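Peer 1: Have a look at this one before I ask anything.
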Amino acid sequence: MFYQPAQNKKQYDDLADIEAQNNVPNTQEVLEAWQESLDSDEDESSPLEESNGFTISEHDDFVKSVPRKNNPTDLLYSGKLLDSDEPPSVHGNSSKVPSKHPSPSFPETTSLRNLQNGSKQKPALPNFNDPHFYNEDVTRSGHPNRSIYTQLPRNEFSNARVLWNRLSARDRVLWRWANVENLDSFLQQVYTYYTGKGLSCIIVHRLFQILTVSFVIGFTTFITSCIDWPAVTPHGSLAGVTKSQCIAQMSPITYLVLWLFLSFLLALWIYYLTDIPRLWQMREFYIHALKIATADMPTVSWQRVLYRLLKLKNVNALTAEDGRVVSLHNMKRLDAYAIANRIMRKDNYFIALINNGIINIELPLLHRRILTHTTEWNINWCIFNFVFDEQGQLRSAFRNPNSRKRLSEELRRRFIVAGFLNCLFAPIVAIYLVIHNFFRYFNEYHKNPGALSTRRYTPLALWTFREYNELQHFFDERINDSYAAASHYVSQFPDFNMIRLFKYISFILGSFTAILVIITVFDPELMVTFEITKDRSVLFYLGLFGSLIAVSRSIIPDETLVFAPEKALRRVITFTHYMPGWWSDNMHSKAVQQEFCSLYSYRIVNLLWEILGILLTPVLLFFTFPSCSQDIVDFFREHTINVEGVGYVCSYAVFQDNPPYESVASLVQSRKISPLIQNKPELSRISFYEQFNTEAPRRDLR
C-alpha cells in the first residue's frame, strides 16, 4: 500500500501535532553514502544472497563475489552490529547497548493509546535532526529496525507521518519500497516494466495498440456500411459512392456490434490512462532506487536489475534480514529463486497442468489437442482467478481435503458460465480477428509469397517447452535461438518426388514469365492493354506467375544441404529441452519429424487455428473441462508446498542444490542422451542453475 499525502495531512490534524512536520529526517548524507555503495564496482558482493546454490552477480561476466569490508552504509542496510557480536533486540527496551550518546526514547505505545482515546496530547517523536541520531549504537538500541525508511511509520499502523512534499524523489521511492506489502504484485510490476523496456516504450506500445483497434473498427465500418458498392463502376469516384448519414442507415445488429467495439475501446482507454501513475512510480523506482536510467532500459540485463533489487532488501521491513521488524517466521525471502517463484507462481502451475495432462484439451470429435490464446485466457479466468486470492496467494480452501467436492462443483459451474459467455462474444471476436489478420498479413504474403512456408511453434508447444521458474524473456531468447535449427531439421526429410514436381512447375512458370517480360520491354502498353484471357491482362499473369514461382522455390531445398537428421535434432533439443522417450532411438525416422511438425507448424495454419479456437473453445468449456474439475482441485492440493519466505508454490518449481549436470547441452551432446532430459523439474533446475550460477558455463545473455 503506497503512501497517500491527503491521509498524511489528516493524521497531523487529528493529532494536533503540526510542529512534527519540522522534524523531517535529514538523510542526505546517509543516502549519498548508499548511492556511492550502489554505484561502486568494488563491493558488488555484499547484498547478494546465496540460496539453493544460486548466486546473482550484476555484471554479465559473472565475476566471483569477494567479501567486502564494513562500510558506513552497513548502518542502514546490513542489520548487524559492527562493534558487537550481540544481536539486536526486536523490542527497543529489552536490551541496552553501550553508547557514547544518550539513546532517544520512542513512546510509541503512548502515542497509539492517545490516538485510540481521542486525546489531543502531542505524541513524542524522535528528534531526527539530532546529529547523533544516526550513531549506530543509538539507532540500534533505540529501535529494532536500523533503516530510516522502515523507521517511518507503516501505513495504517502509523501514529504520525512525515510530510510527503518535504521528501525528495529518492526518499519517496524508498518510502514506497519500504511499505510494499504485496511483494508478489510488486515484483511482477518490476518485471513487466523491465520486459516493456521502460515507460515510453510501454506507453507508445499501448497507444498504437489502441490506434490499431480504432483503425480496424473505423475502416471496417466505413467499407461495409458507408460505400454503395453497386454504384462504384458507374460513378468512378469515391465521393459519388459514399453514403450520407451511413451510421443512421445501419441495421440494428451492426449498430449493436459497433457499440460493443466502441465500449471496449473506451474501457481500454480508461484502463491505460489510469495505469499511467503506477507506471510513473515504477519509472521512479528504476531511476532513484535501482539507479537504472530510462535510456538504458532497452539494453539493461535482468541480472543487473536483480542485483540492484537485492541491494534494497534491508530497506523493506518484510524482507530485512534477522527479523528486525517482523519475526523470522513472517519474513519474506528475497533472492533470485524467490523472485522467480513469486513472478511465476501462477505460470508454474499452468506449466504443470499442461505437461501432466491434468487439463484435457483434446477436441471430442476431431481427436486433436488444441490450445489457443483464447483457450489460455479462459483457463486463467476459470481456474487461476478462482484458485488464487486478490493477493496472488493460493486460497486455503484448496489445501483442505474436506473442500474438494464443493470446489470442484464451483469450478464446474465457472466452466459452464465461461462457455455461455464465449458463445455470446465468439462471433464478434472471430470477425475482428479475421479482419485484423487480413490487414496485417496480406501485404506480407503478397510481396513475399515464400513467407507462406514459414513455421512457428504452436501455443501448446511453447507451454510444453517452457520450464519451471523460467522467466518469459529467458524463454523467448531460448525459443528464438531454436528457429534456425528447427527449420534446418524439418528440411532433413525432403519428398524427392514433390521436389521434382515443383522444379518442373517452377520451370514452366518461369518460361511463361520470361516471355511476358520480354514482350512488355518492347511495348510497355501491352502490359495493361493485351488480354491473355478474358479480362485478364499481362500484368495480372505476371503477378500470378511470380507468386507461384516464389512458393515453388521455397519448397525446393538448397542443393548444398547436408542430410543428417539425428545431428540436426540434437541441435534442436539443446534449445527446446524437449525429447519424448521414444525419440531417442528413432531420431532418423519420419515419425519423429511428423510429431515435431505438429508442434512446429506453418504460421498460416497457426493463424487459422487461432480463429477456429474462438469458435471451438466453448466446446471444451461445455464438454471437456467440467469433467477435469475434480482432478484440477486434487492437483492443487497434492502438488502445493509451502516454502519459507515465499509461500505456497507448485511443488515442481521447488529446486534443490547442486544439479548433477552443469548445462542442458551436456545432457544432449553426449553419445547417449541422458534420460534426465525427460524430467522437466530436474531439467528446470539445471537451466536455472546455469542461468544464475557464477561457476556454471552459460551462453551470453543479450
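If you go along the chain as it appears here, the first residue is 1 and each next one adds 1.
Backbone N, Cα and C atoms are what each Cβ position is placed from, and that goes for glycine too.
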Peer 1: With Swiss-Prot as the source, do S168 and D523 lie on the same side of the membrane?
Peer 2: no
Peer 1: According to Swiss-Prot, which of these ranges is transmembrane segment: 206-223, 350-367, 638-655?
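Peer 2: Within the set 206-223, 350-367, 638-655, Swiss-Prot attaches transmembrane segment to 206-223.
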Peer 1: Please identify the stretch among 252-270, 497-522, 538-555 with the greatest number of Cβ pairs below 8 Å relative to the transmembrane segment (206-223).
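Peer 2: Most Cβ pairs under 8 Å with the transmembrane segment (206-223) come from 252-270.
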Peer 1: Same-chain Cβ contacts of the transmembrane segment (252-270) under 8 Å, 6 or more residues past its ends?
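Peer 2: Long-range Cβ neighbours of the transmembrane segment (252-270): 209-210, 213-214, 217, 221, 224-225, 428, 432.
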Peer 1: So if I exclude everything within five residues of the ends of the topological domain 'Lumenal' (224-251), which remaining residues of that chain have a CB under 8 angstroms from its CBs? That is, six or more out.
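Peer 2: For the topological domain 'Lumenal' (224-251), the sequence-distant neighbours (Cβ-Cβ under 8 Å, at least 6 residues beyond its ends) are 258.
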Peer 1: What are the helix, strand and coil residue counts for the topological domain 'Lumenal' (523-537) according to DSSP?
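Peer 2: Here the numbers are 4 helix, 5 strand, 6 coil.
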